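> Please see the structure below; I have some questions.
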């Protein structure tokens, strides 16, 4: 059934592209993805600056968070973070475990192993 969920994930991604492109420009997304093409080169601060998220309004940031929170739990879990870049482009790579854990640690304000809405805003505005 993991193939099925992957398929759902990708059809979900194409509708995501639409949602994200209403907030970020293609050029911003491309710049962000380019900054972390090499394995273990992902740095969320650089990425957020490149895609221009740090200059977006709180509402726009909340919208992006909603897009990344695939299971609508109100949190972004490790599995969702791993596929973070794919939200911006289906051809982007998955994050490595090291990248995912660093990203998670940065946004997980209460140590519960996931990033809540508050952590996400803090992450982006850092």
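Count begins at 1; order follows the chain as displayed.
Yeah, the Cβs are placed from backbone N, Cα and C, and that goes for glycine too.
Here's the feature list from TrEMBL:
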type: BINDING; residues: 69, 71, 73, 75, 80, 108, 110, 112, 114; note: Ca(2+) binding site
type: DOMAIN; residues: 56-91; note: domain 'EF-hand'
> Select the most exposed residue of 69, 80, 110, where exposure means the fewest other Cβ atoms within 10 Å, treating these as the binding-site residues.
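Among the binding-site residues 69, 80, 110, the sparsest Cβ neighbourhood within 10 Å belongs to 110.
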> Report, as a single number, how many Cβ atoms besides its own are within 10 Å of the Cβ of residue 114 (Ca(2+) binding site).
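Other Cβ atoms found within 10 Å: 20.
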